[in-house]
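Quick notes on the structure that follows.
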Amino acid sequence: MKWLVLLGLVALSECIVIMPLTKTKTMREILREKNLLNSFLEEQANRMSDDSASDPKLSTHPLRNALDMAYVGNITIGTPPKEFRVVFDTGSSDLWVPSIKCISPACHTHITFDHHKSSTFRLTRRPFHILYGSGMMNGVLAYDTVRIGKLVSTDQPFGLSLQQFGFDNAPFDGVLGLSYPSLAVPGTIPIFDKLKQQGAISEPIFAFYLSTRKENGSVLMLGGVDHSYHKGKLNWIPVSQTKSWLITVDRISMNGRVIGCEHGCEALVDTGTSLIHGPARPVTNIQKFIHAMPYGSEYMVLCPVISILPPVIFTINGIDYSVPAEAYIQKISNSLCLSTFHGDDTDKWILGDVFLRLYFSVYDRGNNRIGLAPAV
């Protein structure tokens, strides 16, 4: 019997590919430290409005905010393999990295892909454009072999950026989207779907454990779940639509008082943002409730109040998920602390890394559901 258990564990471990992730400073943090955040936001707002008006064919992801991407891992593209540092992002579906022919300053400080050096590369003339909430990339569609750990996707479509804005201080080279095909650039297939198609993964499941440690300890699991990373059982939540990792939130409360989602609302479970985003009005109410004051484009509190602030409770599918003050308030100096709630012009919420560091998350494409459980 012991041998059967051991063989089962070995078989399970062989089915799951576990990728180490590194927590980096976000671009928001880097720009804040340089006192450049407010001017960057103003410049980007002007640029984005101009660019979106001039090119209606852009694939638009207004909720994707590259300023707040924090967890990165390594993949390789091409033959021989060239390594890139990417964000594994559940809020988008495309893979892109900078081309050696990219003319933007941001590309000069990141790893670029030289297609002349790959024997498996295939170029197209199709444009590949993505507009994010805080950045943009213009490029061309290409195909090549992409490796995530021991997983290999051959003839994988991806974008090569020739021009990009808003990524100058990015601690990553590109983005690897893990959402549904409907969010991808038309006519392409996301890498997770391609891996399924090619039989590279045994189960259409992936999972994230985002560690509370400063840099290391976080992982992405592909093809299965290692249950040692969470406590108790997984609570499964159906996705709202089979288009993205959106779920329904019953309500948001503090001290027993409903402060958001009074009649239910949708939330994107998003590994690609570090904050908790929501509609401007309820987020402003939360800032008032925790005595946060506007400080440029952000909200701050005096650090000593953390000890008396109540948790924010997200009730999802009938289960309460508590986010304590020490999680939603981040220290940036000896006296000033940052509220991680961010108001947007949207009717949706985004549960980013502040939430996901507390709760291990599983993304089940086979059953169109998300599993949550307290992280170890």
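Heads up, the Cβ atoms here are built off N, Cα and C, so glycines get one too.
Just so you know, TrEMBL annotations never went through curation; they're auto-generated.
Bear in mind that the values here come from a model prediction, so they are computed numbers and not experimental data.
Record features (TrEMBL):
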type	residues	note
ACT_SITE	D89	active site
ACT_SITE	D270	active site
DISULFID	C102-C107	disulfide bond
DISULFID	C261-C265	disulfide bond
DISULFID	C303-C337	disulfide bond
DOMAIN	71-373	domain 'Peptidase A1'
SIGNAL	1-15	signal peptide
Counting every protein chain shown, other Cβ atoms within 10 Å of the Cβ of C102 (disulfide bond) number 22
Counting other CB atoms within 10 Å of each candidate's CB, the least crowded of the disulfide-bonded residues C107, C261, C265 is C265
For D270 (active site), the closest of the recorded positions by C-alpha position, picking from D89, C102, C107, C261, is D89
Integer Å value for the Cα distance linking C107 (disulfide bond) with C337 (disulfide bond) is 33
The rounded CA-CA distance in Å from C265 (disulfide bond) to D89 (active site) is 22
Out of the active-site residues D89, D270, the residue with the smallest number of other Cβ atoms within 10 Å is D89
Counting other C-beta atoms within 10 angstroms, the emptiest spot among the disulfide-bonded residues C303, C337 is C303
On average, residues of the domain 'Peptidase A1' (71-373) score a pLDDT of 94
Expressed in Å to no decimal places, the gap between the Cα atoms of D89 (active site) and C102 (disulfide bond) is 23
